[in-house]
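Shown next, in structure tokens, is the structure this report addresses.
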Amino acid sequence: MTRHGNPYHNFRHGIDVAQTLFCFAEGKLLGEAGGRRAFGAPKVVFDDLEVHAMMLAGFCHDLDHPGLNNGFHVNCGHPLALRYNDRAVLEEWHAFSMWHVLRRPDCDILARYPAADVAKIRKFSVAGILATDMTQHGAITGGVRGLADAPEDPAKRDGHALTLFKGLVHAADVSNPAKPWAVSKAWSDVLQVEFFHQGDLEKARGLPVSFGMDRATTSQRGMAIGFGSKLVGPFYQAIAALQPDVQPCVDMLNDNVDVWTKMDA
């Protein structure tokens, strides 16, 4: 693995996502006292192993990210795209890289866990990382919405927990629009720098320029409004329907969209 020096997909992003996940799981949003939340009609409360897996997924979901997206890797015929058959190229790589590191004797933080516990942590953490593939956004959103009226059935508890787990990892990964304005704007700024860098590379190599990455035609303001109002906003509303404590995040997102909207184009 290599230090890539990415403006956005770097160690700080991993910390931010893990911290957001901790707040979701442990009930510490916006400074309240906390206590693990129950989500949805099935009243899903994560157990200790699931929270552990959530932290691993948060920290490592973009491990060894090169600062270029899946489309770039596919379009240039990158070896990773060939390895993973053009599907979830980076997410597969991040999950592999996490477990490759964890297998090292000096990094094996799960060495004392029973095999069954390690298997569960692996199942959840890998599923969470793969859920950060934006092509899965619709399916993840649908799964979260389905929990709003799913029956409270002990036999289905683990399946409901995995669905929610994937939803929250994805939600944390796209949480920037739902953060306080100064934080949200700072993340938007560095993400756009990274996007424009990819667009420049795509132009230089004669590749199709990805949406939102052409510095000659892309409006950061327009990107932020669209991403917040059309993608993240409805998704966070679905999560808030499961757990009302998440509603302040929806309100903050809407406030941020209003700020972007009132900016000069």
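Yeah, the Cβs are placed from backbone N, Cα and C, and that goes for glycine too.
Per TrEMBL, the features are:
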type: DOMAIN; residues: 1-265; note: domain 'PDEase'
type: ACT_SITE; residues: His9; note: active site, proton donor
type: BINDING; residues: His13, His61, Asp62, Asp173; note: Zn(2+) 1 binding site
type: BINDING; residues: Asp62; note: Zn(2+) 2 binding site
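When other Cβ atoms within 10 Å of the Cβ of His9 (active site, proton donor) are tallied across all protein chains shown, the result is 23. Over all protein chains present, the Cβ of His61 (Zn(2+) 1 binding site) has 29 other Cβ atoms lying within 10 Å. Within its own chain, Asp62 (Zn(2+) 1 binding site) has His9, His13, Gly14, Val17, Leu90, His94, Thr132 as residues 6 or more apart in sequence whose C-beta sits under 8 angstroms from its own. Shown in sequence order, His9, Gly14, Val17, Gly58, His65, His94, Thr132 are the same-chain residues outside His13, His61, Asp62, Asp173 whose Cβ sits within 8 Å of the Cβ centre of the Zn(2+) 1 site. When pLDDT values are averaged over the domain 'PDEase' (1-265), the model yields 95.
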